[in-house]
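These come from TrEMBL:
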| type | residues | note |
| --- | --- | --- |
| TRANSMEM | 42-61 | transmembrane segment |
| TRANSMEM | 81-104 | transmembrane segment |
| TRANSMEM | 116-138 | transmembrane segment |
| TRANSMEM | 218-235 | transmembrane segment |
| TRANSMEM | 256-275 | transmembrane segment |
| TRANSMEM | 295-318 | transmembrane segment |
| TRANSMEM | 367-392 | transmembrane segment |
| TRANSMEM | 404-433 | transmembrane segment |
Amino acid sequence: MEKKSEINGHAMPGSASTERILEKGAPRSFLEKLTDFLRRNLLVIMTVSGVLVGVGLGLMVRSMNLTRAQMSYFAFPGEMLLRMLKMIILPLVVCSLVSGAASLDTRSLGRLGGIAVSYFLVTTLIASGIGVALAFIIKPGVGAGALNTNSLGLESVSSNKETTDSFLDLARYRRPSKQVSPSVISQYATDYKMIPVGNDTNGTVLYQKVPVGTETDGMNILGLVLFAMVFGVALRKLGDEGEELIRFFNAFNEATMVLVSWIMWYIPFGIMFLVGSKIVEMEDVVLLVTSLGKYIFASILGHIIHGGIVLPLIYFGFTRKNPFSFLSGLITPFTTAFATCSSSATLPSMIKCVEENNGVDKRISRFILPIGATVNMDGAAIFQCIAAVFIAQLNNAELNAGQIFTILVTATASSVGAAGIPAGGIITIAIILEAIGLPTNDLSLMLAVDWIVDRTTTVVNVEGDALGAGILHHINQQEMKKEQEQRQGGELMEVRVEAVANVQAEEETSPLVMHQTKAVEATPEAIESVL
């Protein structure tokens, strides 16, 4: 009977299904292992191949001397990738944060939020320190006094904004006056205009510098993040009345992740043309590299130190796990960050890979990663500090201890809410230069090589976000284990108390029962009465 494969349609111990189960433990051939590896890592291989093919394609097309119109046609597939990623950011950030904040209790939300903010601030401060230290060690601006914007044919970049206004605008990002325009498609920015206020005794017109509020293009992610978090907490406070809306945001979030999974299969194709178009648009690369080579080297070295040593050590210190095995599951987001130079555009693929490849809880990843994409800018802090010291050395300005401290604090604080878009850190450098009293005319030098430095900058930014999510997931798991052990310990104590009470009850009643039984057995009259 055991050798019979089926009886009435049911598998028996000797059936083929059982043989397949036994065959799972058998060693697989090299071809099967290779096929399985390619199937699991197909998207990663295609994305990396897209970058390499894009470099070769860009170098080949560069020699064709394309017109402006032809270059725009060539860059169109890459532009479509950026537009698709930006399209998905708004529903992804809002729905993920609302559902994540609503799924966590207020105590857990406050604890995890406090740990996340502390992690982001500490890592950004460390990154700023690394940037300042490397700038003073390598000294990229020493001996480059003859280098200016005119020698490279660049236009000067200036800023009319005061340092105080920059931080006030940051607060305005967090509390937008209208939820449609400022918080979604534009940001508040302070500018200054000269308004005539009268004439002096000689008849000369007197002007006064007056701050004027303006709206600049760019999605206000910070305002969206704070609004979505507060809205999620409010829905949880409603109790049963808010369950319907919470389920709506959860379903909306899952549908958005399905769209993300579709977009990710377009990433290899889009990245190929995105990288190729950037290479075609490059000017004289040799002149830029020879003129600003030390600045580029210092920035990339700082990113390697922070992303390859500091952040993995922090992750290992909290989790006691191999950080590089965690990072190996995030090759696709890193490649996307390298190609797009945008932390916000990398957010969809980062959420998907962190959950599926590294097993991070959805409540943690969809709560912390949108916040990290907005407030955590470790890579940006490194190159911003290096750029500030570089410009100081370029202008032969000696920085004192107070100015160095100002650079560290300003770079750390201004990174919060910095635009997660290409070249978004240039504005932050202007804030730092204004804070230490240096001219902003040489910012165009940074903009000229930003397309090189910004790629490693974005990779370090998203790496910090991902490792922060992994640390919070580990802390949350440990807290859940402790609560479960305490709950089990309480249940065991209750069972033990009940068991002792039952034993005592048996000890109190059993002698009487045995005494009665013995009495019945020993009495002859009882036997006769039974008969």
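Cβ atoms are placed via backbone N, Cα and C, with glycine included.
Note: TrEMBL annotation is automatic and uncurated.
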Stretch in 42-61, 116-138, 256-275, 295-318, 367-392 most in contact with the transmembrane segment (81-104), if contact is a CB pair under 8 A: 256-275
When counting C-beta pairs under 8 angstroms to the transmembrane segment (42-61), the leading stretch of 116-138, 256-275, 295-318, 367-392 is 256-275
Beyond the flanks of the transmembrane segment (367-392) by at least 6 residues, Cβ under 8 Å: 92-93, 96-97, 100-101, 104, 112, 116-117, 120, 123-124, 126-128, 130-132, 134-136, 140-141, 221-222, 225, 228-229, 295, 298-299, 302-303, 306-307, 311, 343-344, 346-347, 350-351, 354, 398-399, 407-408, 411-412, 414-418, 420, 424-425, 428-429, 432-433, 436, 438-439, 442-443, 445-446, 453-454, 456-466, 468-469, 472
